[in-house]
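Q: Okay, here's the structure, questions in a sec.
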Amino acid sequence: MAGQPSHMPHGGSPNHLCHVLGPAHPPDPQRHPNTLSFRCSLADFQIEKKIGRGQFSEVYKATCLLDRKTVALKKVQIFEMMDAKARQDCVKEIGLLKQLNHPNIIKYLDSFIEDNELNIVLELADAGDLSQMIKYFKKQKRLIPERTVWKYFVQLCSAVEHMHSRRVMHRDIKPANVFITATGIVKLGDLGLGRFFSSETTAAHSLVGTPYYMSPERIHENGYNFKSDIWSLGCLLYEMAALQSPFYGDKMNLFSLCQKIEQCDYPPLPGEHYSEKLRELVSMCIYPDPNHRPDIEYVHQVAKQMHVWTSST
C-alpha cells in the first residue's frame, strides 16, 4: 500500500491493521448506490475545515465526492502511537461503531489507511454539542428549562440502552461527547474509549475517561461494569440542571476531587426550578455503590415518562 512506513513501532504494523480493516480498493458506486462504498480513499473526499483534534487525531468536515454527502473525517496518526494499547483502541473504535446502529449514535461509514494514517469516516453532527449549550445558558445566566433537559436526556438514554444491549460500554459519557444536530437530534459519539464486554465478563480495570464523570470504583480501579455509565449519566443530568459538574471546583487537585466523588459530596439541585423526579434520578445514579444504581432500562423509562410529562405541561 502506498505510503506505508518502512519500520513500525513495537506492537503493530500496517499489514496487521490492513488485515483488520480489509484492503483498500477503488470505490464501486454500483455496489452501494445509497451509501459510501466499502473502501474509500482520500481522493474521494473534499476536506473543508478542521473541526476537532485529539492527542493523536484530527477531525475534519469533508464532502464525499461519490454522493456529495457531508461527513466527518477522523485522521488518526496510528503509527506514531508508541503504545500498542492506543493503536488497539483505534481499531476497537471501528469495531464498536460497526456493531451499533441507532439514530442517536454517530454512525460509522467507512475506514481506510492512507498516508500512514488511519482514516475513519463518520456521520457529521454539525450543530455543536451539549457542553456548548450548557456554556451558552451559563453565559446568559439562565437555567435550561426542564422540558429541554428531558428532551435531550431521553435521547441520550436511548443511545446508551442500545449500547448496553450490545454489551458495549461507553466509558466517557460527558457533555462534550453528546453532539446535537441542527434539528435537535442527539448523537452520542467518541467511542474510542468504549470497551466491548463478552457475555462472560462485565468487569474491567483500566483507568480511562474524564475525572469529573468517573465513578468511585473507576478511580480506584477496583473493577467496574455498565453501572459506571449510569454514574456518568447522573453527572450529566446534574450538569444540565446546575450548569456545572456536581464535583466541579477541584480540577487542579485530583486528590480532593477523588474525595468528593467517593463521598458523593455535591451541592443539591435547586428544588424550586427542577422536579423531585429529576433530583431523585440524579441521586440514584450518583450513588457510591454501583450495585445500588439503577440500570439503563430504568433510567430510560424515567426519562421517557418525564419527557412526556414536561412536554405536555
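Cβ atoms here come from the backbone N, Cα and C positions, even for glycine.
Remember, it's a predicted structure, so these values are computed and weren't measured experimentally.
Just lifted these from Swiss-Prot, have a look:
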DOMAIN    45-310  domain 'Protein kinase'
BINDING   Ile51, Gly52, Arg53, Gly54, Gln55, Phe56, Ser57, Glu58, Val59, Lys74  ATP binding site
SITE      Tyr108  site 'Autoinhibitory'
ACT_SITE  Asp172  active site, proton acceptor
MOD_RES   Thr202  phosphothreonine
MOD_RES   Thr210  phosphothreonine
REGION    267-270  region 'Interaction with APBB1'
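Give me the lay of the land around each of these features.
A: Cβ neighbour count for Ser57 (ATP binding site): 18 (other Cβ atoms within 10 Å of its Cβ, all protein chains included).
The Cβ of Tyr108 (site 'Autoinhibitory') lies under 8 Å from the Cβ of Ile94, Leu97, Lys98, Leu100, Ile120, Val121, Leu122, Glu123, each of which sits 6+ residues away along the same chain.
Asp172 (active site, proton acceptor) carries neither a helix nor a strand DSSP state and counts as coil. The Cβ neighbour count for Asp172 (active site, proton acceptor), using a 10 Å radius over every protein chain in view, is 19.
Each residue of the region 'Interaction with APBB1' (267-270) gets a DSSP state, and the totals for helix, strand and coil are 0 helix, 0 strand, 4 coil.
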Q: Compare all C-alpha positions of Ile51, Gly52, Arg53, Gly54, Gln55, Phe56, Ser57, Glu58, Val59, Lys74, the record's ATP binders, and send over the largest distance in angstrom.
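A: The two farthest binding residues have Cα atoms 15 Å apart.
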Q: Taking just the CA atoms, what is the gap between Arg53 (ATP binding site) and Asp172 (active site, proton acceptor) in Å?
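A: Cα of Arg53 (ATP binding site) to Cα of Asp172 (active site, proton acceptor) measures 16 Å after rounding.
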Q: Of all the binding-site residues given, Ile51, Val59, which residue's CB has the most CB neighbours within 10 A?
A: Val59
